[in-house]
Amino acid sequence: MKIILANPRGFCAGVDRAISIVELALEIHGAPIYVRHEVVHNRFVVNGLRERGAIFVEELSEVPDGAIVIFSAHGVSQAVRQEAKDRNLKVFDATCPLVTKVHMQVARASRKGTKAILIGHKGHPEVEGTMGQYSNEDGGIFLIEKVEDIARLPMQENDNLTFMTQTTLSLDDTAETIAALKEKYPAIQGPHKNDICYATTNRQEAVRELAKLSDLVLVVGSKNSSNSNRLAELASRMGVKSQLLDDPADIQADWFNDVKTIGITAGASAPEELVQSIISRLKRFGANSIEELQGLEENMFFEVPKELRIKEVN
């Protein structure tokens, strides 16, 4: 069997930054460092940070007063920020700057009293944090996941409306939903550029090319990773078998029935180290050659917070 690697794949700038923030906080301040929610959605990464002294919690009530806490790359609501401030917690914010950009759009709509529609997945921490930027009772923010949800929206055609999206959605599904929104609400406003981030876009486009050449696409990523799930779904939509995995032990022999070419990609929160471990495991199942596709070069970089950056330089 032949392995073809998608390019780009794996870590994005926001994930790199978030992991660096936890690592530097541990190095400078020592354990324990509390992290609200998994800093990124990858079991391999989270377990590694936990072994170094990071304590992952779902609510700030689990964090002692005055302790150091890191907000995950997915972002948090204004209520969570206020709670941290009220409890005198030392906060390092690992929210991806591209998520923060969407937060600013929602906050602007809230200040103006413009009703906002967020396209995203219910229950995802990014969605919860984004919706939590809206506080104006005279307006409101409403979540939709798909075209069918639009019919249940309470707004009128002539209402002052704006929309935003989660950063890790399917490009195709989101384009369809936005088109349907604009059809029902012709005057609706939206971002000048799609809120779906560069890494999500690039990895989905790379999977389109990968799927054309593969009998099976393996997506390295955890089950709670939105962008990783979208990659597996996209390959399946293109008529190619796909599997999502985040451990070499997940691999099953029957995946390779009638498979000559295995395509491999990785979600934005999956490390290259894990990809290479999976490749090593695949060699035991008969994979004997590796090819890497040409792809877009990503040079995006996000700085860590100033307090950590100064220590890093010194």
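The backbone N, Cα and C atoms fix where each Cβ goes, glycine too.
Sequence annotations record features per position, and here Swiss-Prot assigns [4Fe-4S] cluster binding site to C12, C96, C197. Feature annotation from Swiss-Prot assigns isopentenyl diphosphate binding site to H41, H74, H124, S225, S226, N227, S269. The (2E)-4-hydroxy-3-methylbut-2-enyl diphosphate binding site feature in Swiss-Prot is assigned to H41, H74, H124, T167, S225, S226, N227, S269; the stated evidence is sequence analysis. The dimethylallyl diphosphate binding site feature in Swiss-Prot is assigned to H41, H74, H124, S225, S226, N227, S269; the stated evidence is sequence analysis. According to Swiss-Prot, the feature active site, proton donor maps to E126, an assignment based on sequence analysis.
The 10 Å shell around the Cβ of S226 (isopentenyl diphosphate binding site) contains 24 further Cβ atoms across the protein chains shown. Geometry remark: C12 ([4Fe-4S] cluster binding site) versus S269 (isopentenyl diphosphate binding site), CA distance 7 Å. When the recorded positions C96, E126, T167 are screened for a C-alpha within 10 angstroms of the C-alpha of N227 (isopentenyl diphosphate binding site), the residues that qualify, in sequence order, are T167. Only T167, from the recorded positions H41, E126, T167, S225, S226, S269, place their Cα within 10 Å of the Cα belonging to C197 ([4Fe-4S] cluster binding site). Neighbours of the residue listed as 'active site, proton donor', defined as other CB atoms within 10 A of its CB across all chains, total 25. In terms of Cα distance, the binding-site residues that sit within 10 Å of C96 ([4Fe-4S] cluster binding site) are H74, chosen from H41, H74, H124, S225, S226, S269. Cα-Cα distance from T167 ((2E)-4-hydroxy-3-methylbut-2-enyl diphosphate binding site) to the residue listed as 'active site, proton donor': 8 Å (rounded to the nearest whole number). The dimethylallyl diphosphate site is set by H41, H74, H124, S225, S226, N227, S269; from the centre of their CB atoms, other residues of the chain with a CB within 8 Å are V40, E126, T168, N224, S228, G267, A268. Shown in sequence order, H74, Q166, S226 are the residues of the chain, 6+ apart in sequence, with a C-beta less than 8 angstroms from the C-beta of H124 (isopentenyl diphosphate binding site). Taken residue by residue with DSSP, N227 (isopentenyl diphosphate binding site) is part of a helix. For the recorded site, E126 (active site, proton donor), the DSSP three-state label reads helix. If you count neighbouring Cβ atoms within 10 Å for each of the binding-site residues S225, S269, the highest count belongs to S269. Within 8 Å of the Cβ centroid of the [4Fe-4S] cluster site, not counting the listed residues C12, C96, C197, the chain contributes A13, G14, V15, A73, P97, L98, V99, T167, T168, Y198, A199, T200, A268. A gap of 14 Å separates the Cα atoms of E126 (active site, proton donor) and S269 (isopentenyl diphosphate binding site). Taken residue by residue with DSSP, T167 ((2E)-4-hydroxy-3-methylbut-2-enyl diphosphate binding site) is part of neither helix nor strand, so it is coil.
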